[in-house]
DNA sequence: ATACCTGCAAAAAATTTGCACCGAC
DNA sequence: GTCGGTGCAAATTTTTTGCAGGTAT
């Protein structure tokens, strides 16, 4: 399943003129298995753990390439190194639990619409946006 | 005016146990004059331009101190160095014109409320948030 | 007088890049 | 075979820190 997802991407990338090297294959498979939002160093660690070698420089270059192809997305939370996630079909925002560091994804159409309205009112259109809620679990009274 | 604002802050800071040094006075006055959102290097440049000297290390340390005192706020836009703004009485979000880099401040109560609702629905309370709209001027058809 | 602050220069942390070699197509 | 990709190590960029001396209170 995540196996086939990675293969699917390889075809699409090749069609887009991106060469499928051993390192890229490896990173695609590591990314396909991500349930979380790892940074470059962590992805490098996982890739190495998966057996084959990749240099950290190549990890960075590959992430940039895959982002340009729309395959992954870059997340830049407060002051941490950049994290990455497979590009999803549906846009979503992020909630970060400040205690645990856990990242929760969510969507809300009303917020999306309001953002577009606000921009439009001021004569702009949205290219992209970033909404992050830094939260704490509510005390269960 | 911005003169008195800086003096006002000096008193408050002193009361909070923060020593008012020549360098901090200088930075407070530079910050009070900011209509924009400069980064540490830019603040350093302006401070030097204002006559007296400050080391960049001190600029960084002072910014951290002032942030801890709630006097200024740190902005971290996409991949750029951190920028700073005087802490305002009223919270606001930011719109960044991707063509010009211009930063526009805005507020929207409905968005604020929706955010709180979303967090609450999932059992969280918001500690703080970040909403950035990266926008482009709409073609005036 | 005593902390706390500052400058300098070195260290860190994250990411990028030059260059020679290698491998996908 | 060609052109783009990779590894390595060095460079960049932004920010932090150790230490010796300075200064606000």
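Numbers here mean position along the shown chain, with the first residue as 1.
Placed from the backbone N, Cα and C atoms, the Cβ positions cover glycine too.
A quick note: this is a predicted structure, and the numbers were derived from the prediction, not measured.
These come from TrEMBL:
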BINDING   B:91, B:93, B:112, B:129  Fe cation binding site
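In the shown protein chains, 20 other C-beta atoms lie within 10 A of the C-beta of residue B:93 (Fe cation binding site). Neighbour counts were taken as the number of other C-beta atoms within 10 angstroms of each residue's C-beta; across the binding-site residues B:91, B:129, the minimum falls on B:91.
Those binding-site residues from B:91, B:93, B:112 lying by chain A, with Cβ under 8 Å from one of its Cβ atoms: none.
Every protein chain considered, the tally of other Cβ atoms within 10 Å of the Cβ of residue B:112 (Fe cation binding site) stands at 15. Within 8 Å of the Cβ centroid of the Fe cation site, not counting the listed residues B:91, B:93, B:112, B:129, the chain contributes B:92, B:107, B:111, B:115, B:131.
Mapped onto three states, the DSSP output places residue B:129 (Fe cation binding site) in strand. In the three-state DSSP assignment, the secondary structure recorded for residue B:112 (Fe cation binding site) is helix. Following the DSSP three-state reduction, the secondary structure of residue B:93 (Fe cation binding site) is strand.
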